[in-house]
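Accompanying notes for the structure given below.
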Amino acid sequence: MSRFLICSFALVLLYPAGIDMYLVGLPRIAADLNASEAQLHIAFSVYLAGMAAAMLFAGKVADRSGRKPVAIPGAALFIIASVFCSLAETSALFLAGRFLQGLGAGCCYVVAFAILRDTLDDRRRAKVLSLLNGITCIIPVLAPVLGHLIMLKFPWQSLFWTMATMGIAVLMLSLFILKETRPAAPAASDKPRENSESLLNRFFLSRVVITTLSVSVILTFVNTSPVLLMEIMGFERGEYATIMALTAGVSMTVSFSTPFALGIFKPRTLMITSQVLFLAAGITLAVSPSHAVSLFGITLICAGFSVGFGVAMSQALGPFSLRAGVASSTLGIAQVCGSSLWIWLAAVVGIGAWNMLIGILIACSIVSLLLIMFVAPGRPVAAHEEIHHHA
């Protein structure tokens, strides 16, 4: 079992590493490529576009051909794209490399969740996804620090060589450690069950909406945090870094505590707790009389996301024994596109950073609470929780 967990964790971590590792080198990259920092900030969106594009086909291929045939090319593409970015001499080539990086990371991301669905039952999967969420929270803190240390001695290209090295590690794990987990092709008698695993299932769609709104909350916070903390609240850059590190610490602590909470409380209870924390955060930020109270509201955001996201993802994947790859792709596409669409629309309409965050917090909590309370699984967990690998 440990081989599947290690490989899944490694496959997922390429995604946040590709986002956060290069940011510290952005000024030097812009200078060397004769581009403005504003022009290169689109590299974030290009990377996410690559991920979304990969998810359009990766899940279906993983269900038809296997998990390894998607993970291995995905890791290889991430390596090649990282090297391509390091050798880029124009901003256009650099952005093309970032898109290819996103394609590779997207393939690996989809496979990771499909593997966990193949190998873990609902309760264990919820615990593991909560742990994975905690580990993922470390990357936005450690990656810029590692990037800064690298750039003290080496040029910005070394950041992408570091990412390529990470990709090589994932490729080696996928080649030599990961075992295939895709369930055997269904017999004719199983075709009705395969056809019953519909993406239009009400319960699945409700969890798609809940996880997409939750990701929109956390990405809105990350995107607006410089404006909120430095421009509106007046913190210095060093203080901003400290606050973000502390919020990551809150996320990790709650994520690592959630598996223990699942041994005491029902998953539904934790999901309701998550949304109540979001609602409390939105109200706190809306009526906050001081910076201290606002910072408390921000910690509620991190705690709310960490306590409920892994549980919701686990529930979303639960009904899909034979189509876990497609389900994982659908979740990823919805989360990436939905959150990006909200942030873009809010900016176009002219909603300020503060109101943007408060709005998504309150909307997410109200909609999600209604879905949790009124959309129940269509059949008992035991009816669809088939695990294909136990060791």
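Every residue gets a Cβ built from N, Cα and C, even glycine.
Identical topological domain names are assigned in Swiss-Prot to Leu120 and Glu197, which places both on one side of the membrane. Counting residue by residue with DSSP, the topological domain 'Periplasmic' (25-41) contains 12 helix, 0 strand, 5 coil. Most Cβ pairs under 8 Å with the transmembrane segment (93-113) belong to 4-24, among the candidate stretches 4-24, 158-178, 269-289, 293-313. Secondary structure counts, DSSP: the topological domain 'Cytoplasmic' (114-130) has 15 helix, 0 strand, 2 coil. As a quick check, the transmembrane segment (293-313) and the transmembrane segment (203-222) clear the bar of 3 or more Cβ pairs under 8 A, pairs 6 or more apart, so the two touch. For the transmembrane segment (42-62), the partner stretch with the highest count of Cβ pairs under 8 angstroms, out of 4-24, 69-89, 331-351, is 331-351.
Under 8 Å from some Cβ of the topological domain 'Periplasmic' (223-244) lie the Cβ atoms of residues 140-141, 291, 294-295, 298, 343, 353-354, 356-357, all in the same chain and six or more residues away from its ends.
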